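Swiss-Prot lists 4-165 with the feature domain 'EngA-type G 1'. Residues or ranges marked as GTP 1 binding site by Swiss-Prot on the basis of sequence analysis: 10-17, 57-61, 119-122. Here Swiss-Prot flags 180-357 as domain 'EngA-type G 2'. Look at Swiss-Prot and you will find 186-193, 233-237, 298-301 tagged as GTP 2 binding site, backed by sequence analysis. As annotated by Swiss-Prot, domain 'KH-like' applies to 358-443.
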Amino acid sequence: MTKQIITLVGRPNVGKSTLFNRLSIRKKAIVHDLPGVTRDRKYTDGKIGSFEFLLIDTPGLDEHPNSMGKRLIEQTTKAILEADLICFMVDARSGILPDDKLLSSFVRKYNKPAILVVNKCEKAFDFDKEYYKLGFDSMIAISAEHGTGLIDLYDEIIAKLPEEESIETNIADPIKGDCLQIVVSGRPNAGKSTFINALINDERLLTGPEAGITRESIEIDWQYKNNHIKLIDTAGLRKKSTITESLEKLSASDTINSIKLANTVILMIDALAPLKQQDLNIASHVVNEGRSIVIVVNKWDLVKESEKEAFQEEFYYQINTHLPQVKGIPVLFISAINKQNIEQVLDACLKIYKIWNKKITTSKLNEWLNFTTEAHLLPLQKGGRRVRVKYMTQTKTRPPTFKLFSNNPEKITDSYTRYLVNNMREAFDMPGVPIRFTYVKTKNPYV
């Protein structure tokens, strides 16, 4: 199969060559602080994660219409025409400059799939309105120099490339050729390290009755049913004694970072310790990060047989009540120390990972949308016009994300969105993964 082509475009010195070198299988481009070092379009075989492609680096463009500038524009235009996807790069340190605005208009007129890549984001970064004004519907923050943000870039690339050649190929067998990163998280002393030792049949990780033995995230490469898996044991998450509101203020930043990089998170619960708000906070954080999640109740062998049924009923009630946005999360009851039901956990992880990668064709989506919205109409507005959701498309996977077009998106209530999400989850068999909707106003005022 012919490799997909990704073209890097932007004004001088935004870091195109640095990203080119970062993604290239071999270093090709000269990198220097002097603007305009790259004057030809350069090609290399690129790779991000398991996805390989042809990468093009283009000259930095500015508004000066001299003869050199015209030739640089010709080089860039050819690279844009060749591209299946454009990464339009800007510099977070300098912010949006007039040249960025001119070049974004130049790029958008070719109607190619595009991602706005904000480079040099070594610290936390929030997109302000100036970035949205450039007109791109996908935006990510990275540091090409330090390699941060590349997982988000990978997700956006996979979502944006033509679905019949990239997305469908990956989803048909999402584990093959890929490394499934599974993070084992939870409160201290829930049995995370014991669980991993039982899986790999090796005392690889230090365990004991003391809470908090694991101080940092430990990665273990492993094979399960011909799948390459990276198991990541994390420090137990606990709140600082003075903090009561937000999981983001937990002291275990290493664990939080591991969750951000995970494909699937196993949330380990101690069956002998009541389900606490902290457990639900961790689960909510995983869902908000867009990761898939499997909940595992450990030490099940220590629960009295006469109490197990009531325990399960209460447990499911708490999960469904506090995490209604991800109905159908897999829940398994195990004994890590006795190796009871531990393989079922991995099977659940493989299954939910495939759901997390699920791609639905646009035709099937809109057939479902028409039926579902007609079954439950939105109310009439002033003037007798009804709010309608007329069309939708899937914009990415990991997690499944959808764009819906409406004549009046501001009037669509949260309860109606929940109705659509829950109906979609059932119709397309997508239990237990985050499903994200964004609404866009249709340009046709009569739709």
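For all residues, glycine too, the Cβ spot is worked out from N, Cα and C.
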DSSP helix/strand/coil residue counts for the domain 'KH-like' (358-443): 34 helix, 22 strand, 30 coil
DSSP state at Lys192 (GTP 2 binding site), helix/strand/coil: helix
Rounded distance in angstrom between the Cα atoms of Asn189 (GTP 2 binding site) and Cys121 (GTP 1 binding site): 36
Most Cβ neighbours inside 10 Å, all chains, among the binding-site residues Asn13, Asn189, Thr234: Thr234
Cα distance (Å, whole number) from Gly10 (GTP 1 binding site) to Gly186 (GTP 2 binding site): 43
Residue among binding-site residues Lys192, Thr234, Trp300 with Cα closest to the Cα of Thr58 (GTP 1 binding site): Thr234
DSSP three-state assignment (helix, strand or coil) for Cys121 (GTP 1 binding site): coil
C-alpha spacing of Asn13 (GTP 1 binding site) relative to Trp300 (GTP 2 binding site), in angstrom: 58
Local Cβ density at Thr58 (GTP 1 binding site) - other Cβ atoms counted within 10 Å: 28
Per DSSP, three-state class assigned to Lys16 (GTP 1 binding site): helix
Distance from Thr234 (GTP 2 binding site) back to Gly10 (GTP 1 binding site), taken between C-alpha atoms, in Å: 39
Cα proximity to Thr234 (GTP 2 binding site), best match among binding-site residues Asn13, Lys16, Cys121: Cys121
Under 8 Å by Cβ from Cys121 (GTP 1 binding site), counting only residues of that chain that are 6 or more apart: Ala92, Ala141, Ile142, Ser143, Thr148, Gly149
